[in-house]
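K.L.:
Just passing along the structure, written as structure tokens.
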Amino acid sequence: MGDSGDAVMARWLQSAGLQHLAASSTSSSSASTAGGGVDPRGGGGVGVGALGGGAGGGSLLPSLLMQGYGPQSIEEKQRLYMLLRSLNFNGETAPPSISEPYTPTAQSFGGGNSLEGFYSPELRGELGAGLLDLHAMDDTELLSEDVASEPFEPSPFIPKEMDEDDDDMLPGSQPGPSDNYNAVANEKESTARENNVAKIKVVVRKRPLNRKEVSRKEEDIITVHDSSSLTVYEPKLKVDLTAYVEKHEFCFDAVLDEQVSNDEVYRETVEPIIPIIFQRTKATCFAYGQTGSGKTYTMQPLPLRAAQDMVRLLHQPVYRNQNFKLWLSYFEIYGGKLFDLLSDRRQLLMREDGKKQVCIVGLQEFEVSDVQIVKEYIERGNAARSTGSTGANEESSRSHAILQLAIKKHIIVTDTRRQRDRDANESKNTKAVGKISFIDLAGSERGADTTDNDRQTRIEGAEINKSLLALKECIRALDNDQIHIPFRGSKLTEVLRDSFVGNSRTVMISCISPNAGSCEHTLNTLRYADRVKSLSKGSNTRKEQPTGPTIPSSKDSSSAPSYPMPIETEEIANQIQEKRPVETSRKAAENFTSNSSMEPDRNPVSMIPSYSNRGKEENGSSGLNDRERVDLNSSRISYNSKPQSVQSSANLQEEEKVTKVSPPRRKAYRDDKPERQSNYAKKDSGPETSRPGYKVQQAKQLQQQQRPTSASASQNSSRQSEKESSCDDVEIDAILEEEEALIAAHRKEIENTMEIVREEMNLLAEVDQPGSLIDNYVTQLSFLLSRKAAGLVSLQARLARFQHRLKEQEILSRKKSSR
Ligand SMILES: Nc1ncnc2c1ncn2[C@@H]1O[C@H](COP(=O)(O)OP(=O)(O)OP(=O)(O)O)[C@@H](O)[C@H]1O
């Protein structure tokens, strides 16, 4: 990486007001390069190149990060750090080789000084085996000890803790003008942030090979390409025992490789959510993956880290003045039962209140004002867990642990009697603002543990499977805006119910082991993640792009056929885009993968024309939000080896198939209604009678004919008729809206059914495998069938309502005509 890279680097520095560093560092860099000093990880120019879009300052940056040459003051350090972060946020991958050596300490930012304990290595040691440790395995000792002991840096995005001087502002005191200014700025900032945080985010984390795996000479079969895609190289044997490798490619919101620190995991997953917890958001962060894949290792530091940021935010005048407080609770779900880990494993009961809010009766919640206390509670909870599992690690491995951090607004009670009551029952005088739940799920493969013949153990396994399935089902249902959300599918989802409804955010961290021996589990984990991800896209786009369907930009349409589409096909494509505006890049990438893989497509439903899949595959990137565009672009980059023409023709084929399966009905928007209505008015005979909307239109026409038009009609009757006519219009509009909703629901139902069928086929394929568990099959099939039934029932109910509505309308218009 040469001078051009340094020139780019110098420009960046200039943009951040750090141009003076460029000069000093260039001289140092030449010195260090001469001495063989390049990128600390040996990535050297390559790493920096990635950061700078291929022209980074290969020699300049490392020297910038060197003591004595780089930024001297805290402010400079912050600016440089922000510069690096902003490059990273812009979708360009900052490789660990760059971000890690610079990881500033708590001291370097002058923040977090009250959190000495938080950074201490003992803390990690103390928590290492305990927190959310569901089923630790001793054969997963890893080579890189340093990763585990890496300290967190304070988040530059969460305001620093208040200075001592600030603290003399009494709670509840009136904010000054600058506070107001800050409050408004904070409000704006957090609204912007809220919009930027995806509703469902799926992050994959790969752990390094552990000692045992290395000693067994197991291969690392996972390659992380960039920050959002990875390939699994599955070793396979043909029938004639020839070895071959099958490639599986996946794209997610973020893919973190074995070099990524826990701090970066926090920044990628939880950190962006923290400020919006203060804005009435309920968030859930869970780790999923097989035993030993790093769930606990990943989840363990997150609550503490989040608490640190939350405490910092609580000290902001805007929240302090509102009397916001942080509360903590910690419990586990084992065998469908709830146990309070902060209250001697007392069994808890779950109830629903009048407002359908889930209450965990008896769950102890503790107000926490600093991280040290949070740490102590977590340790206490862990101790309760390990006590509960003495002699049998199995127990903890079959439980889900849930740690909740809630922000509550304390209501100040002036009345003395009520004050006394308040002291007696503190939580009654609080109002929930937002919360984040950290869940360390039981190992995903436990449910399918074929070596366990013990019936109880198998039932527990089935219970775990059920909850994992239920979790996915809920995310899916929420994403589809389904009326029926199957929260009751498991205790886990019931408990999390309030975290999923309303303004919610979900982060799923899929942990994967890199060794060949775990390949099957890894693929299962990635497929689960993939399904969750495929659910998230539509929802995010729908909710975050309220402006409706977007016209594909020239950039976006790059993957679409370059020749004009037949109008009908175009309409259908639009229609599908509205349904599922994204999911494309990944699906397209997978298609490409399966094409390029050495084994024929094993997807049992690949022959079934899937309406939803078509949509996913063909709809380009129209309607994507920025983040999704970045995803798409990055996946395009990673798959650009596929010739464009092949993609285009593939797209065309897809569209041709779509023409056959989907009715050429254009989805109407609100703005379209007048046009649609007038079109209906024009076509009032023949085959059109069978078209949806015809009946309604007919009724409207009838009413129009019946409206008094004669000039001789009295003024009164004309006013009356005007009134009637506007009522009719409202009525008709309402019916048209219902009609649209019905059709949309029907379309959604078809998509769901196809998805269920796909899962049923997978289930059948799984049950045919030797050693498969019939219990799992039964549980999963029963779940799928209930979902199918629930979908049909809900569609039927909607249809019946609409029929009823039409009947009413018909009777009404008949009555009017007979008047
Ligand atoms: N990214 C990582 N970097 C370094 N070490 C890791 C990483 N991920 C996991 N480990 C180590 O791997 C071992 C197993 O991890 P961990 O206990 O977190 O797995 P788990 O998925 O929680 O397993 P279980 O389901 O059995 O509880 C631990 O020793 C942990 O320190």
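Each Cβ is built from the backbone N, Cα and C atoms, and glycine gets one as well.
Copying in the features that Swiss-Prot gives for the protein in this structure:
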- Gly289, Gln290, Thr291, Gly292, Ser293, Gly294, Lys295, Thr296: ATP binding site (BINDING)
- 736-767: coiled coil (COILED)
- 550-562: compositional bias 'Low complexity' (COMPBIAS)
- 577-589: compositional bias 'Basic and acidic residues' (COMPBIAS)
- 614-631: compositional bias 'Basic and acidic residues' (COMPBIAS)
- 632-652: compositional bias 'Polar residues' (COMPBIAS)
- 669-686: compositional bias 'Basic and acidic residues' (COMPBIAS)
- 697-719: compositional bias 'Low complexity' (COMPBIAS)
- 199-535: domain 'Kinesin motor' (DOMAIN)
- 150-178: region 'Disordered' (REGION)
- 534-729: region 'Disordered' (REGION)
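Tell me what's around each of these sites.
P.N.:
There are 29 other Cβ atoms within 10 Å of the Cβ belonging to Gly289 (ATP binding site).
Summed and averaged per residue, pLDDT over the coiled coil (736-767) gives 85.
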K.L.:
So if I draw a 10 Å sphere around the Cβ of Gln290 (ATP binding site), how many other Cβ atoms end up inside it?
P.N.:
20
K.L.:
With the Cβ atom as the reference point and anything under 6 Å counting, tell me which of the binding-site residues (Gln290, Thr291, Gly292, Thr296) are near ligand 1.
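P.N.:
If the test is a Cβ under 6 Å from any atom of ligand 1, the answer is Thr291, Gly292, Thr296.
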K.L.:
Using DSSP and three states only, what is Thr291 (ATP binding site)?
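P.N.:
In the DSSP reduction, Thr291 (ATP binding site) maps to coil.
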K.L.:
Radius 10 Å, atoms counted are CB only; among the binding-site residues Thr291, Ser293, Thr296, which position scores highest?
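P.N.:
Compared across Thr291, Ser293, Thr296, the most Cβ atoms within 10 Å surround Ser293.
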K.L.:
Give the number of CB atoms, excluding that of Lys295 (ATP binding site) itself, located within 10 Å of its CB.
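P.N.:
So the number of other Cβ atoms within 10 Å of Lys295 (ATP binding site) is 29.
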K.L.:
Counting across all protein chains present, how many other Cβ atoms fall within 10 Å of the Cβ of Gly292 (ATP binding site)?
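P.N.:
Result for Gly292 (ATP binding site): 26 other Cβ atoms within 10 Å.
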K.L.:
Check the DSSP secondary structure of Thr296 (ATP binding site), expressed as helix, strand or coil.
P.N.:
helix
